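To start, the structure itself, in structure tokens.
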């Protein structure tokens, strides 16, 4: 075979697929000349009789950008042409190739349907038995005849040739432009992926569709005939290719990521099995359900004797009735439109025997109700084993019980989103750089939804930068018309209650806690018991999403919903009024519209003009108000804000239906007498002026949350005495509250009570709230006595109180998980039965300066993970095997840390900063990952070996690949101690190298340490004075045994330095160079994050893996290599690196090391003296 030139190019722009005997010496020769003149590279098979082996041809197809398939009258006689076409269509479906059909003296429909003269050439004279016939048929059916060029439409061959060349140029320009756009937006893509925006789609993988609107019906010719003319919809947005009157070709965008989606669907359907499979394709509006179903159908329909794609079943049912669906399905499957099929609900029974004869492949698109499925499928007993059924729907919950499996179509990934958007926004034109940068706003807003990406692309196409910037400002305010039309159809299918809750979430409760939202909307109609399920229904319809325990909504849905709610203000839309925009609220109040239609008001008082005040009867006629929030978006934590209510007249709140009342800085002493909290779920009055909630006691049967925080005048809580279902009560900062009422015992559901900074509270009287699980009394500075008010407490916070001890009953809190007594400076002892708290995981005693011991029975705590004893006088800690983190900082009583510390078998973190009398550090547990003895200025010696049981070079499962040991400002360390630290560092580096080699770890391992000193350890075989090191590596320095790099820097901190506040890092930039290439990268050696001055010089040692070297192949391993290392500090301008060192860490075989360990003296081996 030969190419179009003597030297084969690396790739071809055009592969020409044709029947040689028909065209080679005529049309093809002229085409080749025209392509050459146009500078277009192409591939033509010049062999008269092609080889049986088509591998080379297939490779050429894979290397091409465009396949030019020229169909002539004798084309179907050539099995080589047909095999090429099969390969071409495979590449087209993968989105890796574009096909340009040319019909040369043959009709496009004959090619697609394999009939007429073309069909005779394919099937005639016994050829129908050829084994590849099914593949050829499928490929021919897939040829997009609409985008083809037909010789019959041109005056002569030259005119056709000119059009082919022109069309190829346009397509190549699009490919080049798309590539440039992708490259220029690559940074945006990386930013999007790095931020990992919580998208609406439950899945985060790529999106398979070529269509941006899966809610429109298909336009395939074979199915258009099945739909009455009046019901046919327009073509999809820029996805159906057409031939203009002038013959120009407009190509559709490629099927981005379609193959992985098809593969997942094919796995679910298992086409090779004899089992009947029913699979639902679901997802939010515009995500590509229909496109995926269409593509799947077109690929597999020829494998079944009976098949049908039923477009837009929901719309067909609305226009023609339910029974029409069944009739149309049966007529298509039985291939007889003259059958006398009635309009009963189960006509399948009359045709059952015939239907059971053959397997079927059915794709039912856009089903919206169970009734539609039941009408279409009846009892399901007419479907032959091995049949495959696919149903697409926007309602996943509706499909349950009908399908055995569902596939949720995921959103587009970042790269495909970029390409999809730019394909529509720029077309064949080059994207302007300033517009490319603005694209990220639309990409972030669309979050991979192809409907939104395509719609915005079309809207912006041809517009200038000013138009783009203007649209960005209105993204969240005004819906795109195309998006709006699709979403409006979905909205209209909801029940009235679903519509209300959908709008409530969008306008008021987006991103709120799921349980909270469910409870608030659950009580929208007190007589209804079904409201709890409305959020679940909306989730099943992909109109809301539960992510991280919160109710989320895609931005396009939220904008649509808010726009719909805003229209209710000026139009008779039968939608309740939801007001959150200050201007809308003012307009509504000034025009005195129907107050009883208001459902919710969220008023940001910081937006209200200073000169405006509100009358006390503003809410008097809002009898249906359910949600009221008055707040300030610029209000500081202390509640400073501008609120402009006329406080002369008492407010009137005759709101019987209110569910949510949030009023920041409520200015009156109590809620008015006409306020009825019978339906109240959440009461929020932070920073208010109330002295009591309301007059007397009122029934609050469904109140679950009450927040009265920082209501500094509050003294009386009796008004909430009947809140039997109250779960959370926040009284933080209520500085006038002296005590809790005895009637709180009626709060049978209370689980959370926050009384932080209730500085007038002196004691907790003997009340019992057995349901309470979390009690916060932090910074109740006058609280001297604590009584156990619930034996079911799980978290107890007494930090900052004046208590001197815990009552004996505290030992009976067997469910307690967290006990925080930080800063209890009067605390002298702990209960002897503290060890009975078997569930305790965190014990915080920081700053308890009088505490000298802990009970010995704490060793029996099997779940204690965190023990903070900093600022205490405790000298010894009982051995707690479960302990993972221990803090003993600022302990002035401890001189020698206990010898049995190495037995703390799960200890990962040990912090002993500023223990000014500590002199000795024993052997540390082998599992320890982090040690910090910063500022232990009297520390003199450490045990040798520093870490216990270092008898092997191989890490066991208790050890981690990342560890840090810091001895900063430990200026009295003996030289032996420094040597022990250095030797441990060498040993750790060797161990990590072995582990990285054994487990084939290329990244993630890291170790660093620092200690006072000015000498680079001798085991660094490359050393230099200053901050630059340039060792020369001999040939073959890089081999499979290389696992890591050890680096050392001696940092000098000047005596006149400013105190170092915050953090600084020691880094090294490495550049490997030889005659054939270079590689540059940065490594971290260590960092410090301690306030104060670093005194004297310090040695920093770090180990990093060779991942950058292993990932880079431009440095040939057999050449000598020079390494330039530049050591430097960040955020420590008055300090500098004065000496440095470097060592490559190699590993050996496991057997050799074990033999050395067995035969060598351990001490000598450990010290690295062999």
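Every residue, even glycine, has its Cβ placed from backbone N, Cα and C.
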Look up region 'Disordered' in Swiss-Prot and report which of 139-165, 166-192, 193-219, 220-246 it refers to. 193-219
Treating G and I as helix alongside H, and B as strand alongside E, what does DSSP give for the repeat 'LRR 6' (761-785) in helix, strand and coil? 0 helix, 5 strand, 20 coil
Below 8 Å between Cβ atoms, which of the listed ranges 677-700, 761-785, 790-813, 815-837, 905-930 makes the most pairs with the repeat 'LRR 10' (862-885)? 905-930
Contacting positions for the repeat 'LRR 3' (646-670) when only residues 6+ beyond its ends and CB under 8 Å are counted: 520, 523-524, 605, 613-617, 619-620, 622-632, 635, 639, 676-695, 713, 719
So which residues does the repeat 'LRR 1' (595-616) touch in its own chain, when a touch means Cβ under 8 Å and the partner is 6 or more beyond its ends? 500, 504, 507-508, 576-580, 582, 585, 588, 622-635, 641-646, 649-652, 664
